[in-house]
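The transmembrane segment annotation in TrEMBL covers 6-28, 33-52, 58-80, 92-111, 131-158, 187-208, 220-245, 252-276.
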Amino acid sequence: MVFAQAVWGSIVTGALYGLVGVGFVLLFRASKVLSFCQGAFMLLGAFIFYDLVKRHELPFTVATLITVSVVAVLSALVYLACFARIAAREPFATSVATIGLAGVLQAIVAVRYGTSPLALPDVVGTTSFKVAGATITVADLVSVAMTLIVVSVLLLVLAKTQLGLQMNAVADNPGLSVHLGVSAARIATIAWGLAGLTAAFAGIAFALRASVDPVGVANIGFFAFPAIILGGLDSVPGALVGGLVLGTLQNFVAAAFGAEWVDLIAFSMMLAFLMVRPTGLFGKAEVVRL
């Protein structure tokens, strides 16, 4: 029973890490910016969703669509207002600036909603059932389904659409893509919007499973970083795989040795990958020709 529950917990937790990690990857591919505000956008999405279902009593589907749309547009606007002028020239400075943005967003949420966890109304049902000894809730299933659907759609967009081809071109060869008429600024703006969308979905998924908890959401955003280092900073499938591997590691380490070992193991693994295989499991090594 403990083993089965750890397996299911690994899948659910890993899916959340992967969903947040996909946003990291999209931004890094489009602008070489490592954004540290994905967790803050995830937090914003969770609280907007809470407002819509608790105070405005909107149904789950409507509240979800509004939330992800608002956060996606806000993320794109933040890029245009704050980072567009410097991102192309100073990606490192932009990455550092996202730390400040994360602090601002978290402070806004704290002023508006406070810092205590808020209970979300029952919007997907409380049904649970047993599978091989593991207790599976409807909220868990919705959380995993969200991840699979969002990641699958993004992969299709990247592989099969003109926009996806342009995003891949900017990621693989920014200089050449500009000569081919692809607007790097436009692609970066879209990437920021999509990253906000994935963060909002992750915030909703977390809120459905637990509560609208600033600390819990921040932890998910924090642990998504080792996940993308493991999977590869420029790989969307790698973000999902890295999230699942990290989620599995955390759940089994916690079950075997205690929760106090989780952080040590997770970040030790991240450091090991940075030293031995910095591109991650699915990342591409950058070739510099002289």
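Note that Cβ sites are derived from N, Cα and C of the backbone, with glycine treated the same way.
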Mind checking which residues reach the transmembrane segment (252-276)? Cβ under 8 Å, same chain, six or more beyond either end.
2, 6, 10, 223, 225-226, 229-230, 246
Chain residues in Cβ proximity to the transmembrane segment (92-111) (below 8 Å; excluding those fewer than six residues from its ends, i.e. six or more beyond):
31, 33-37, 39-41, 43-44, 47, 78, 82-83, 86, 214, 218
Tertiary contacts of the transmembrane segment (58-80) (same chain, 6+ residues out, Cβ under 8 Å):
41, 44-45, 48-49, 52, 87, 101, 123-124, 188-190, 192-197, 199-201, 203-204
